[in-house]
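Colleague: Here it is, the structure, as structure tokens.
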Amino acid sequence: MKPSIYGLTRDELIAWAIDNGQKAFRATQIWDWLYRKRVQSFDEMTNISKEFLAILKDSFCINPLKQRVAQESADGTVKYLFELPDGMLIETVLMRQHYGQSVCVTTQVGCNIGCTFCASGLIKKQRDLNSGEITAQIMMVQNYFDQRGQDERVSHVVVMGIGEPFDNYQNVMTFLRTINDDHGLAIGARHITVSTSGLAHKIREFANEGVQVNLAVSLHAPNNELRSSIMRINRSFPLDKLFSAIEYYIETTNRRVTFEYIMLNKVNDGVEQAQELADLTKRIRKLSYVNLIPYNPVSEHDQYSRSPKERVAAFYDILKKNGVNCVVRQEHGTDIDAACGQLRSNTMKKDRQKAATART
């Protein structure tokens, strides 16, 4: 399968065009066709010579994704299941917000982080997505707007789908530079958030990139014992290493870090844990924010359940009394396969059942 041209940054596309005997402005024209006019075929690029179009077609495809499923929620959330060229499946989510249209993208096929509450890790990592496959997710949603004649654009991006973004670092960075490019989609860096489960060394590397993209950290527990029991990654990057990297990030970028904290009933949602969390984040309080996330139950992880509203409220109150900037996250798509990885997992189960039935 040819690589997607979406996998190139504008500078890389210019270099490729020059290597193929073209002037730099040809690459700029192609970039405009891809991201401003958003064509679906190289043949639609009417100001590109037939000879150069032939080279383009021999070298690249445009969009490598095929839509398998689209579930639309009553609140306007759309959950997509896309098929990759090798037949593997990934999820992408469109969330309609009061401030714009936000898309959550996937960076890996499966996940090896091993969080015990998460649907994404039910199927182990099979491979990284390349940068073109990540960018194509944004283009699929933008095409959805365009085809409906909706004067809307993808304005915000969260890199929080299946997989650990910092375990696919270079492809994610290429993706970020592509969607942020002022000559293309021009999605503002401050409208983009990358979430990590806590790869401390990559947080430091990210701090040195000089990008204005937001950082979120999946914390989910305020002490090492509990965090190691629900997030295997903590055994490699315990809280002292993680927070050292976070402090370095804040000192280097002067940017706020968001902590994601999923509320698991009688696991991590007690008043003691709330106080521990307040104490843990005290040193970086001015440049940190806690996002309390209602749990979407996963049948394979039935040892966990959603925290009742009164426990969430008590937890929230303790954080606020300690001066912690925090919010209970607004839910999206609760009437569809809401948990990250759930649509993919359920579809793969159905595919296996169909295959088994066909054999009998």
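Placement of Cβ uses the backbone N, Cα and C atoms for every residue, glycine included.
The active site, proton acceptor annotation in Swiss-Prot covers Glu91. Among the features that Swiss-Prot reports, active site, S-methylcysteine intermediate is placed at Cys340, with the record citing sequence analysis. If you look up Swiss-Prot, you'll see Cys111, Cys115, Cys118 marked as [4Fe-4S] cluster binding site. Residues annotated as S-adenosyl-L-methionine binding site in Swiss-Prot, with sequence analysis given as evidence: Gly163, Glu164, Ser195, Ser218, Leu219, His220, Asn296. What Swiss-Prot lists as disulfide bond is Cys104-Cys340. Swiss-Prot lists 97-335 with the feature domain 'Radical SAM core'.
Burial and contacts for the listed features, if you can.
Modeller: Secondary structure at Glu91 (active site, proton acceptor), taken from DSSP and collapsed to helix, strand or coil, is strand. Around the Cβ of Glu91 (active site, proton acceptor), 25 further Cβ atoms fall within 10 Å across all displayed protein chains.
In this view, Cys115 ([4Fe-4S] cluster binding site) is surrounded by 19 other Cβ atoms within 10 Å of its Cβ, with every protein chain counted.
All protein chains shown were included, and the count of other CB atoms within 10 Å of the CB of His220 (S-adenosyl-L-methionine binding site) stands at 24.
Within 10 Å of the C-beta atom of Cys104 (disulfide bond) sit 24 other C-beta atoms, taking all shown protein chains into account.
In the predicted structure, the domain 'Radical SAM core' (97-335) carries a mean pLDDT of 96.
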Colleague: List only the single closest residue to Cys111 ([4Fe-4S] cluster binding site), chosen from the recorded positions Glu91, Gly163, His220, Asn296 by CA-CA distance.
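Modeller: Checking each of Glu91, Gly163, His220, Asn296 against Cys111 ([4Fe-4S] cluster binding site), the shortest Cα distance is to Gly163.
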Colleague: Going by a 10 angstroms cut-off between Cβ atoms, which of the binding-site residues Cys118, Gly163 has the sparsest surroundings?
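Modeller: Among the binding-site residues Cys118, Gly163, the sparsest Cβ neighbourhood within 10 Å belongs to Cys118.
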Colleague: At 10 angstroms around each C-beta, which of the binding-site residues Ser218, Asn296 has the fewest other C-beta atoms nearby?
Modeller: Asn296
Colleague: Tell me the Cα distance separating Cys104 (disulfide bond) from Leu219 (S-adenosyl-L-methionine binding site), rounded to the nearest angstrom.
Modeller: 19
